[in-house]
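Before any comments, here is the structure.
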């Protein structure tokens, strides 16, 4: 059985903090709890508008994490400079629109290949492993290879949004084909967006996936059950998906 890693996104702890402009709840403390419960890494998205995660969070997490930071960022000069200063283990390049509630789709690597290749080169030179958040589209996957990014994160949001089981199965097959295609080209494949306790197992069973990044569902469950239990429950579902599909 291949190991499947869990990256816990703590952005929504910061969202709750920013709603009142207080210094609590602290995403840094939440990251520590998540690590204790079995998280293999912590994901944070420093958005240009600073709507949740703040610069301070990134710097303190860098000093305190026992696992590794996955720093989600737009492809801008400001974010590249911050990443090169902080030097997280991973940077995931994502599309970003100020008016969106959350990331709405994958990065258009095909249409921005030169820009993304340059950013990848800069981040790689700083010792950071680069991932591109993309849809399971062959053209985008081919462009990711051309950019020299070693990792991709496949966008699972459309799969997660579908309510029909039949439609979900069709989308799951599309994702699986794309993930296997990327893996065969030598890319290391992660996945995430919209995954929760009810839809994670079919994705977790795809053996080419190295890591799932999950945030909103875990933080929402934590509001009821507590963060430690929420992380442990998600890890158990992922383990079951791999155990029963070997």
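Even glycines carry a Cβ here, placed using N, Cα and C.
Taken from Swiss-Prot, the feature 3-amino-2-oxopropyl phosphate binding site applies to 9, 20, 194, 215, 216, supported by sequence analysis. Residue 194 (3-amino-2-oxopropyl phosphate binding site) carries neither a helix nor a strand DSSP state and counts as coil. Taking Cβ-Cβ distances under 8 Å and a sequence separation of 6 or more, the neighbours of residue 194 (3-amino-2-oxopropyl phosphate binding site) in its chain are 156, 157, 159, 160, 161, 216.
Look at Swiss-Prot and you will find 11, 12, 47, 52, 102 tagged as 1-deoxy-D-xylulose 5-phosphate binding site, backed by sequence analysis. According to DSSP, residue 52 (1-deoxy-D-xylulose 5-phosphate binding site) is assigned to coil rather than to any helix or strand. Other C-beta atoms found within 10 angstroms of the C-beta of residue 52 (1-deoxy-D-xylulose 5-phosphate binding site) number 21, with every protein chain shown included.
Residue 45 (active site, proton acceptor) falls within a strand segment according to DSSP. Feature annotation from Swiss-Prot assigns active site, proton acceptor to 45 (among others).
The active site, proton acceptor annotation in Swiss-Prot covers 72 (among others), and the record cites sequence analysis as its basis. In the three-state DSSP scheme, residue 72 (active site, proton acceptor) is classed as strand.
Spatially close to residue 153 (site 'Transition state stabilizer') yet at least six residues away along the chain are 92, 131, 132, 133, 134, 189, 190, 191, 192, 213, judged by Cβ distances under 8 angstroms. Annotated site 'Transition state stabilizer' per Swiss-Prot: 153, in sequence order, evidence recorded as sequence analysis.
There are 26 other Cβ atoms within 10 Å of the Cβ belonging to residue 193 (active site, proton donor). The annotation active site, proton donor is assigned in Swiss-Prot to 193 on the grounds of sequence analysis.
Taken residue by residue with DSSP, residue 215 (3-amino-2-oxopropyl phosphate binding site) is part of neither helix nor strand, so it is coil. Put simply, the two farthest-apart Cα atoms among 9, 20, 194, 215, 216, the recorded binders of 3-amino-2-oxopropyl phosphate, are 25 Å from each other.
Within the set of recorded positions (12, 20, 45, 47, 216), the lowest number of other Cβ atoms found within 10 Å of a Cβ is recorded at 20. Closest by Cα distance to residue 193 (active site, proton donor), from the recorded positions 9, 11, 12, 45, 72, is 9.
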